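> Pulled these from TrEMBL:
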BINDING   A12, P13, S14, G15, T16, G17, K18, S19  ATP binding site
DOMAIN    5-183  domain 'Guanylate kinase-like'
Amino acid sequence: MDYPGNLFVVAAPSGTGKSSLVKALMEVDAGVAPSVSHTTRAPRGQEKDGREYFFISNDDFDGMVARGDFLEWALVHGNRYGTSRRAIEQRIGSGGDVVLEIDWQGALQIKRLFPDAILVFVLPPSLDELRARLTRRGEDAPDVIELRLCNAAEELAQAENFDFVIINEIFERALFDLKAIVHAQRLKYIAQRRARPDTFKALNIV
Ligand code: 5GP
């Protein structure tokens with residue numbers, strides 16, 4: 001189905017700075033809405049149910065999978081995460097843009113369902129820097145950090161399946177890159193024609 005809104009999907013190994021980038025994008029661009037995923041993992045730190053995630057039990061997650069409530073879901077670092085179908089379809093169906101901040105497995109599932117989805121992969125500048133960021137963040141125990149770094153090698157190889165790659169070395173530069181990707185989508189012929197029908201009509205462009 002052809003939806004008028006854009007579906008941006010941002011994936012990256014954890015610690016790459018993906019969440020900060022997406023958050024900063026939404027602060028400067030009210031046209032892009034986030035999607036709140038469901039997860040079976042426990043809340044961390046200040047996380048609040050319904051804000052960062054909907055924190056649900058394994059049984060409830062099973063129920064949502066069985067009912068087809070998820071557009072995609074994946075097992076990431078031992079916990080399940082899923083994107084609920086209804087909110088996304090409503091928003092892009094009514095012409096709004098959505099950004100999904102999900103893992104690469106989910107991103108590829110989304111691309112199969114929505115070939116027009118724009119897949120963005122965020123890379124760290126180096127593995128050493130990734131380890132330093134995970135350690136500095138202080139959210140995960142050392143064994144969890146090691147697991148995340150082990151998984152990162154496989155995750156990084158997925159970058160080739162994405163439409164765009166951002167290297168998050170300097171945050172402001174990476175944010176500029178993400179904004180440029182979003183902006184470029186809105187300049188596409190089909191998007192401009194939808195956004196400015198009167199201009200197109202006045203110019204006799206069909
Ligand atoms: P964290 O536990 O650090 O919040 O997230 C772990 C990973 O799961 C991150 O890569 C995050 O982007 C991903 N993730 C969050 N929500 C979803 C989702 O709905 N679907 C998928 N496939 N991955 C998700």
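Backbone N, Cα and C define each Cβ position, glycine as well.
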> I'd like the number of other C-beta atoms within 10 A of the C-beta of P13 (ATP binding site), please.
25
> With DSSP assignments reduced to helix, strand and coil, which class does S19 (ATP binding site) get?
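It is helical.
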> Taking ligand 1 as the reference and 6 angstroms as the Cβ limit (strictly under), which binding-site residues among A12, S14, S19 are close?
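The binding-site residues passing the 6 Å Cβ test are S14.
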> Which residues, same chain and not among A12, P13, S14, G15, T16, G17, K18, S19, have a CB within 8 angstroms of the centroid of the CB atoms at the recorded ATP site?
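After dropping the recorded site residues, what remains is V122, P124, R133, N168.
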> Mind checking which of S14, T16, S19 has the fewest other CB atoms within 10 A of its CB? They're the binding-site residues.
S19
